[in-house]
Amino acid sequence: MTTNEQANEQRRVDDVVHQIGNRIDRTTAEYNDAHQELRNVLKNYSENTSVNWFEVDDRIETSAELQQQRALVSRLTENQNIIENQLHTFQELQKSPYFGRIDIQDPDEAAPESLYIGTASFVDDDENFLVYDWRAPISSIYYNGVLGKVAYSTPAGTQQTDLLKKRQFLIQDGQIKSMFDTNETVGDEMLQHVLGEQNDATMQNIVATIQREQNDIIRDVHSDLLVVQGVAGSGKTSAILQRIAFLLYHSRRDLEADQIVLFSPNRLFSHYISDVLPSLGERNMRQVTLAEFLTQRFQGLNVQTQFARYESDQQHPVNLAVRRFQESAAMMDAVADYCQQCPADQMQFTDIRFKGRVFFDHDEIRAIYARYPATVPPAERFLKTKNVLEKRLKHRIAEEAQADWVRDTIDQLSDEDYHNLLGAKHLGQFEQLDDEIDFIAREIVRRRFRQVDDAIYNGYFLDVYSQYTAFLQQCPLPQDVSAADWQAIVDRYNHDIEFHKLALTDAAPLLYLRDLLTGGGLNHQMQHLFVDEMQDYSIAQLIYLQHAFPRAKLTLLGDSEQALFKAVESPESILKKLGAALHAKHARLITLRRSYRSTLPITTFAKALLPDGDQIEAFNRPGDLPKVVIRYDAPAAFKALAHELTAELADNQTVAILTKNTAEAKYVYQELHADFDLTRLTDTDRSLPQGVVVLPIYLAKGLEFDSVIAYNVSAENYPTDQFTGTLYTIASRAMHHLTLLSIGPVSPLIASERIPQSDLQIEHELSN
Ligand SMILES: Nc1ncnc2c1ncn2[C@@H]1O[C@H](COP(=O)(O)OP(=O)(O)OP(=O)(O)O)[C@@H](O)[C@H]1O
């Protein structure tokens, strides 16, 4: 690239930055006006709320006026927020207005045109696009096309053009730091630069360097089930976030950020990714972990977390055949069949009680339920039963309203209470005073019986926990599960429930059973459901999530090699299984094989841990070989660990010691915290502190660190290939440096012929 050319480009950058600066001035003035207007209205509002609270008629009038003012406040606040967002977008653009340029020659145009692409559009006062949003239809050429004839989709159909030039820029604070012309989709030079940077504790957007396969994930608007299987560090999480930004742009009118939900692996991760969408001018989607979701659905029960189960699996043998069945689509089908045919006499109805006495007897409830034929779906029968109970409750209220205690209560009501009970009804609305008194009487009784009303509304008259036991008792079992093993599961479930506990494996089938029988649990608002680290979810859980969010399109992302909780599966078999279980109409699998996170030596080592690791393509970023440090007792090991830590801290911003489980993390913390600024992270932590962190690997899922020290990769600690996924996940968290500390002989997974010694630096101290 000639310096002349760079000077021309810099002149354009200067001009665009100048125009953005002018726009910022104007927008700031607009913002100040909007802010002042809002303040005036708010002042007026707070003055109004302190008057006229004594006379009922005045109160009603005041309330109408207040409602009008509240609507005005909300409109002005929204307006102020919009201007504030615009301002923020312009301020970001001013620093780095764009990262790409494409020159195209449209068939019906005389001359070629240069288009510049950035994180948002910028249009000058004459309606010229000085910068195109990276999500605009034309921008897809930048990510997908190689020079020559290219096509791109627009709302009006596919368009053709000739791509003459593709240029990438790195612009910081208005200055071009580097620029390259490329024929590739997005050239490696730029990626080298971006990936070589240090980690700054939160994830960055990748819009300047999105790769072709990632772009397919981001721009897919047709699939109802999109499964992404990508190796560690291949940009799955990045792709989800840019996909959300794309979807919000693409469906601006009918999709809001809070109609998108992401199931994330842990709370640290939620925080780690929280800056990406705002950096693209979008609001964050909803985020929830599986544990949070289940806790919310099972209020009052202590549901086992994935982490607790992982820890417990390491200590107690697991009956794999039973576990496989409990987590399968067959189990969920069995639940659905059971609910569909469950006769009234097997429904576990319970009494609705009030003040220690039976208000509605369970046999009365059963008789109502039994009125409706078995052809009516169970949730509908349940709803009809609720309606009948509501009617009967109304009747009981009317009867009770005649009781003496009610009349006595009315006599003692203050004016204020009387008006409160009248609620929206105006004084004098009733023709007879008796009617008004009757109304008040029923209102008093209704409030007294609210608990019964709530019990009916919430369907508390069905004991879903015993119903689940009844289901388990009759559940058809696969051949490899014996009746005795199954009975042990039923007993354990009953025992747990008694202590308000629930095993993770029971959560999805139990929720499914509850929803199918009672008709609750559905969220029709969500339009997109994303599940990251899907390999840690059972098919049963995914089926439940799809059931719970019936309108949502699904994007599931994972890496079966990183399965800490179960065995590895091939992407194709996963898609087949999911497509069938989730009844997808348009299922699509995208496989990402190129790993971007780690240096070449780290990825080379990590992939060699896996039997089929040669499918992983390492990005060619140079770096030091992973270092294996072997010591033969704990004191020597901690001395070495302290030494390594000091060295790593000198060169890196984020250093993590990753362990196999919580017990190890606690131990490492005990040994080191006196000498280092060290934080042990647990599943309640939400953000990554400065200094060194120590945490079990399952809490580091989805995260990355400049330097990783894997604690105790000895043969004793990682004896068999059951731990391959754990070790691979640990190694693949490292961006620039990886150290493997072993106390005693190193794991056979590392001392394997698949890993040539030349791929490692080995520091071996013989015991004396
Ligand atoms: N196209 C890209 N341009 C620049 N950086 C990228 C690109 N794709 C991925 N990266 C970077 O690679 C790293 C790994 O990405 P990400 O965390 O999205 O991968 P992942 O597949 O979700 O990883 P894992 O499954 O191991 O958690 C991040 O630092 C991300 O910014």
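Just so you know, the numbers here start at 1 and follow the chain as drawn.
A Cβ is built for glycine as well, from the same backbone N, Cα and C atoms used for every other residue.
The ATP binding site annotation in TrEMBL covers G230, V231, A232, G233, S234, G235, K236, T237. Taken residue by residue with DSSP, V231 (ATP binding site) is part of neither helix nor strand, so it is coil.
What TrEMBL records for 24-86 is coiled coil.
Feature annotation from TrEMBL assigns domain 'UvrD-like helicase ATP-binding' to 209-599. Regional average pLDDT for the domain 'UvrD-like helicase ATP-binding' (209-599) in the model is 91.
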Report the member of G230, G233, G235 (the binding-site residues) whose C-beta atom has the most other C-beta atoms within 10 angstroms.
G233
Quick check: which same-chain residues outside G230, V231, A232, G233, S234, G235, K236, T237 lie with their CB within 8 A of the centre of the ATP site CB atoms?
D559, L592, S595, Y596, R597
Here are some binding-site residues: V231, A232. Which one has the most Cβ atoms within 10 Å of its Cβ?
V231
Determine, from DSSP, whether K236 (ATP binding site) sits in helix, strand or coil.
helix
Close in space, distant in sequence - T237 (ATP binding site), Cβ under 8 Å, 6 or more apart:
M203, I273, D532, L557, G702
